[in-house]
Amino acid sequence: MPNSILLSSPLFEGNEQKYVENVLKSPYIAAGGTFLDEFEKGFSVRLFPHNLVALNSGTSAIHIALMLLGVEAGDEVICQSFTFCASANPIVYLGALPVFVDSEEDTWNICPEALEIAIKDRLAKGKKPKAIIVVDLFGMPAKYDELFAISQHYGIPILEDAAESLGSLYKGQVCGSLGEIGIFSFNGNKIITTGTGGGLISDNPLILEKARFLASQAREKVHYFEHHTVGYNYRMGNVAAAIGKAQLETLDQKVEQRRAVYDRYKVLLSEFEGIFFLEEPEGFKSNRWLTTVLIDPQITGFDKEDLRSALEKENIESRYLWKPLHLQVAFKDSPYYGGNVALQIYGKGLCLPSSSHISEEEQKQVVLTIANQYQKVSD
Ligand SMILES: *Cc1c(COP(=O)(O)O)cnc(C)c1O
């Protein structure tokens, strides 16, 4: 649709075309090839001493990560409830049970107190959870100091779902490198994209090697086809990696742009009562993948759906926050620990258009539509 303002659209204004043309002149378009190596090396520099194995999606990265953390059929895995379904789906692929935990209000991520209550109760029921999936939602890091303490105390590793937080920092440490294993997504609307794609992050060479092995059909290192385990076809292809290498070159710029988009919304909306932004706690740096606002209908006189549909009429795409997974029919058999924090945030939340390249003019259009909504209510 012409003149539409999208939620989060990709932009290829760097070396993408050139690199892809390069790949197409070579026979190496599948998994394996120089761009795949270079894409991964680009992360080694950023993540040192961690490294990344490039995969075909963030979901497959979580699947492999859970296998490497020893999750098997009949196990339990704790997962932040307030997240996209892909955080938890791989638990079910493995025949394990997701156990969902509520969020806290400062970062919207897994609540350390509720997490500890969940672990104690699962232990009392005779099951020790195999892993804790922590998500850095919309780019905001979780409360890792508190989470590390719990993880260590109970001996349960953290899997960091950093699908939305590439370029974010927690007390100077890069998101993706905070858990025992981390994952990124390079899906189409993420901060950088390879079309579809993902990556698994670890500082343990053995884990990285096993991830490569499992993601490449578990092919043994001989010149013929020898397999001792069942593997997966989860590696990233060289065409995607060529796009990814070019995208990664512009990551820092994109983070600054997304943060500027957030800052601009905040200034433009500062006069409007009843609209709230998620602030960064001391030591937290979000990539501001999406700018999210909470609308208090008691103050504004309109709710998130009124605003979403008003924006839609102007060809402006906005979206609800993730619906908590403990409320999804797909996970109706999963236990849940916590209160209504995630539910309340979900009830008030809306993601505003946040592309790195959204113009000031377009942001003003979004704000004008919001202003009109106030006007309509007071009329
Ligand atoms: C996008 C996303 C994923 C999944 O990544 P894909 O590359 O789409 O498979 C996982 N978790 C979260 C929180 C995400 O936003």
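Sequential numbering from 1, following the chain as shown.
From the backbone N, Cα and C atoms, a Cβ is placed for every residue, glycine too.
What TrEMBL says about a protein is an automatic prediction, not a curated fact.
Spatially close to LYS190 (active site, proton acceptor) yet at least six residues away along the chain are SER8, ALA163, GLU164, LEU166, PHE184, TRP289, judged by Cβ distances under 8 angstroms. DSSP gives LYS190 (active site, proton acceptor) a coil state; it is part of no helix or strand. Annotation source TrEMBL lists active site, proton acceptor at LYS190.
If you look up TrEMBL, you'll see LYS190 marked as N6-(pyridoxal phosphate)lysine.
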